[in-house]
């Protein structure tokens, strides 16, 4: 047999012993595969032994009609061959990945996609922690500067003024250039803005509002970048779990910030909490920039088995020409409106609870700041756990054969009906403990939305997931601004939170009906 020089490319590696005799292939159970490949080549008038260079070219990975083919390596008795196996790719890749896990310490192997989702979860934790610092610090700031409840709502909403614009821009940039760089720039800016917030509050009200708007402008890129990165790094049947882990980090940021901020403020001062979380963001950049790529195919550290598993688990390759769809095209489809309304309702309820929970416990139950922090932290901790459960449950149902559409509707229904009922019960809570139980139920169940509308963007428009997220999140942010400011005026006029909690519950119920009628898990935009 003529010696064959190894051929290497980004997608395929053929070693020198790739072309072996039929008897050797038979000994490892690959005779039929070899015969089919050989007969196919001979039928084209090409001799197997005399034209190995042409065969090698045919075996190279190629992209046709937007479908990327990757090799599936079979290693036995020193044989390394590349095959394009079609539907067998997922099964073989999963078997290889399972063998890698079993070979690791206690069955655990640190895969590249686990590293990516861990870093995303950590920065999402910081993203929310930086927001919550202000929600806690605003209580002593309001007392020091004599702010009214209505003006306090304006200060809380100033974060959203910048956030509403950057979601669209961040989504478009993440789709075009990748989520890695866009997220890195966002973290840099929002960490610096966090550091400057106490100084701005002491300088002037206008400066504080400006810094908070810049802070929101930077944080607006976080979710679109997360969506784009996870859609590229995870197969379809793992995306819900990946989003669940990332969002669990986001909610844990609430817990950490609610608990640590009062302690730090009482010992070091208001500046200490802001300085801590901003420095953690800048430290995260030193690991993120050199250690992560926008796409698994660009990674030098990923194993062949893991890359095959990721690619085989995608229904089709996501390609982006760089041209964004028009707003008219996006909003001409009713599933887009289902996502928009779900985002509006989710942001409405979420920001009411995020911005006003410490104030709620202090004004309604007259608990001090540290006690309010503990009561406020518990619901977010349970939300982190519930979000992970929602993701795992969603992936399990999809693997079990249930349609993506049905799974998305089930998860979103839980994510809206549960909080709606819980907020109505909150109106009748008489003690801080009872109120905390109701809020814990509301936030925990709302976490199921992560496996609903948040993932649905990847379902209907995988190539524009970041841009679609930005568009719908901007509309949702507008609703968050209205709800955050509106809560302040409701409390000032009526002296009670009950009316606004009831309005929010009704909104949850109405959106649930709309979602179940018009949402779909099928791809809509091509």
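Every residue, even glycine, has its Cβ placed from backbone N, Cα and C.
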Annotated transmembrane segment segment (source TrEMBL; candidates 310-329, 410-429): 410-429
Overall pLDDT of the domain 'Major facilitator superfamily (MFS) profile' (116-523), taken as the mean: 85
Contact ranking winner - 242-264, 337-360, 467-491, 497-518 against the transmembrane segment (207-230), Cβ under 8 Å: 467-491
Range from 116-139, 182-201, 242-264, 435-455, 497-518 with most C-beta pairs under 8 A to the transmembrane segment (151-170): 116-139
Candidate ranges 116-139, 270-289, 435-455, 467-491 - greatest C-beta contact count to the transmembrane segment (182-201) (under 8 angstroms): 270-289
Contact call for the transmembrane segment (410-429) and the transmembrane segment (116-139): at least 3 Cβ pairs under 8 Å, seq gap 6+: no
Within-chain partners of the transmembrane segment (116-139) [C-beta distance under 8 Å, separation at least 6 from its ends]: 152, 155-156, 159, 183, 187, 190-191, 194, 197-198, 212, 215, 219, 222, 226, 229-230, 233-234, 242, 245-254, 256-258, 261-262, 265, 270, 273-274, 277-278, 280-281, 284, 287-288, 291-292, 354-355, 357-359, 362, 369, 372-373
